Structures are given as C-alpha cells and as structure tokens.
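Novice: Below you'll find the structure I mean.
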Amino acid sequence: MGFLVASAVLVCVTSQRVPGYCKKKPAVGPCKALIEKWYFDYSTQSCKTFYYGGCGGNGNKFSSRKKCREACLPKRPSVPVCKQMPDPGFCRAYMPHWFFNSKSGYCEGFVYGGCQGNDNRFKSCWQCMKKCRTAREANRLCWKLTKEFNKKFLRNVPTAKPLPPK
C-alpha cells in the first residue's frame with residue numbers, strides 16, 4: 001500500500017514539473033533598452049516584471065504575464081479574466097483603464113498604476129464589454145459609460161499645451 005501512495009505522489013509532482021528555463025534568474029542582456037518583460041520567479045512560483053535590455057538574455061522572458069504563466073505553470077487553474085478583481089499593480093502611474101465587474105455585470109473604470117496587475121484591464125469600454133459580454137451590449141452601454149468614465153477619471157488630468165513657435 002505504501003508503494004502505491006508513493007507512486008501516486010511521484011506522478012503528481014512530475015506532471016507539474018516546471019521547465020528548466022523557468023528556474024533561471026531573469027537576464028537583462030548587454031543592450032541598454034528598457035523593455036518591460038515578464039519572468040517566472042521560481043522561489044515564489046509567480047510571474048513578475050523586469051526590464052529587458054533588448055538583446056541577449058535567456059528563455060525566462062515573456063511578453064505578458066499570461067504567456068509566463070502558460071509556459072511555467074501550465075497545470076495551474078486560473079480565475080477567468082472577467083471574474084478577476086481589478087488590480088492596479090504596484091506602480092504609481094495614473095492610467096485610467098476599464099475592468100469588468102462580475103457583480104454589476106458591466107465594465108467600470110479604475111486607475112491602473114502602470115505595471116503588474118492582472119488581465120482584467122482594458123483600454124476602452126468596448127474592448128472590455130466585447131471580451132466579457134457581447135458586442136451588441138458594448139454598443140448599447142459604452143457611450144453612456146465612457147461619458148461617465150471621462151468625467152470621473154479625466155476631468156482633473158493636466159493636458160499638454162503646444163509650445164509656441166520659436
């Protein structure tokens with residue numbers, strides 16, 4: 001009986017094995033660009049951002065959190081995008097975005113900080129509603145929602161003024 005239990009545990013662990021490149025530390029590379037990428041932090045079993053230099057590096061470099069998770073945590077179940085809570089991330093930029101509120105059933109505004117966060121983040125009401133509801137509902141609701149969004153989030157944002165000609 002003990003042998004059967006040990007075999008079952010071994011099968012479970014090896015079927016969820018993390019690929020070798022996901023265990024490497026992120027490598028910036030020798031170039032000097034600042035390109036936001038994602039890497040898998042093996043010690044915390046999570047995907048995090050880093051700034052890639054633009055050349056070199058290693059395989060632990062992904063264009064999105066989703067791609068990082070798919071590559072390094074392929075068996076882990078995830079919460080559907082439209083059911084995730086809005087996550088502003090840990091940066092402090094002021095970037096108004098949209099998220100789908102599964103309780104109210106429509107898209108609402110929130111302030112994204114510019115990095116991290118989750119996939120329930122959209123640049124427009126239409127993108128949000130088309131992903132989480134339907135295009136027909138997006139056309140019906142987004143004109144009104146966008147007007148409210150602009151009043152709430154864009155009213156006090158300083159606007160750039162053109163420089164006078166020299």
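The first residue you see is number 1, and the count goes up from there.
In case you wondered, yes, glycine gets a Cβ from its N, Cα and C as well.
The signal peptide annotation in Swiss-Prot covers 1-15 and rests on sequence analysis. Annotation source Swiss-Prot lists disulfide bond at CYS22-CYS72, CYS31-CYS55, CYS47-CYS68, CYS82-CYS132, CYS91-CYS115, CYS107-CYS128. The annotation domain 'BPTI/Kunitz inhibitor 1' is assigned in Swiss-Prot to 22-72. The annotation domain 'BPTI/Kunitz inhibitor 2' is assigned in Swiss-Prot to 82-132 on the grounds of sequence analysis.
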Novice: Taking the Cβ of CYS128 (disulfide bond) as reference, which residues of that chain separated by at least 6 in sequence fall under 8 Å from it?
Specialist: TRP98, PHE99, PHE100, CYS107, PHE122, ALA138
Novice: Round to a whole number and give the Cα-to-Cα distance in Å for the pair CYS82 (disulfide bond) and CYS115 (disulfide bond).
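Specialist: Cα to Cα, CYS82 (disulfide bond) and CYS115 (disulfide bond) are separated by 19 Å.
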Novice: Using a 10 Å cut-off on Cβ-Cβ distances across all protein chains shown, tell me which of the disulfide-bonded residues (CYS22, CYS31, CYS47, CYS55, CYS107) has the largest neighbour count.
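Specialist: Its Cβ has the most other Cβ atoms within 10 Å: CYS107.
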Novice: CYS22 (disulfide bond) to CYS91 (disulfide bond): how many Å between their Cα atoms?
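Specialist: Just about 24 Å between their Cα atoms.
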Novice: Of the disulfide-bonded residues listed here (CYS31, CYS47, CYS55, CYS72, CYS132), which is spatially closest to CYS115 (disulfide bond) when Cα positions are compared?
Specialist: CYS47
Novice: Give me the mean pLDDT over the domain 'BPTI/Kunitz inhibitor 1' (22-72), rounded to a whole number.
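Specialist: Here the mean pLDDT over the domain 'BPTI/Kunitz inhibitor 1' (22-72) amounts to 94.
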Novice: Have a look at the disulfide-bonded residues CYS31, CYS55, CYS72, CYS91, CYS132 and say which one has the shortest Cα distance to CYS47 (disulfide bond).
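Specialist: Among CYS31, CYS55, CYS72, CYS91, CYS132, CYS72.
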Novice: Quick check on the domain 'BPTI/Kunitz inhibitor 1' (22-72): DSSP residue counts for helix, strand, coil, in that order please.
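Specialist: Residue counts in helix, strand and coil order: 10 helix, 15 strand, 26 coil.
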Novice: Least buried of the disulfide-bonded residues CYS68, CYS72, CYS82, CYS91, CYS132, going by other Cβ atoms within 10 Å?
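Specialist: Among the disulfide-bonded residues CYS68, CYS72, CYS82, CYS91, CYS132, the sparsest Cβ neighbourhood within 10 Å belongs to CYS91.
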Novice: Can you see whether DSSP assigns CYS107 (disulfide bond) to helix, strand or coil?
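Specialist: Its secondary structure by DSSP: strand.
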Novice: For CYS132 (disulfide bond), which of the three DSSP-derived states applies: helix, strand, or coil?
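Specialist: SS state of CYS132 (disulfide bond) = helix.
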Novice: Closest of the disulfide-bonded residues to CYS91 (disulfide bond), Cα to Cα, picking from CYS31, CYS68, CYS72?
Specialist: CYS68
Novice: Among the disulfide-bonded residues listed here (CYS31, CYS55, CYS68, CYS72), which has the Cα closest to the Cα of CYS132 (disulfide bond)?
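Specialist: For CYS132 (disulfide bond), the closest Cα among CYS31, CYS55, CYS68, CYS72 is found at CYS68.
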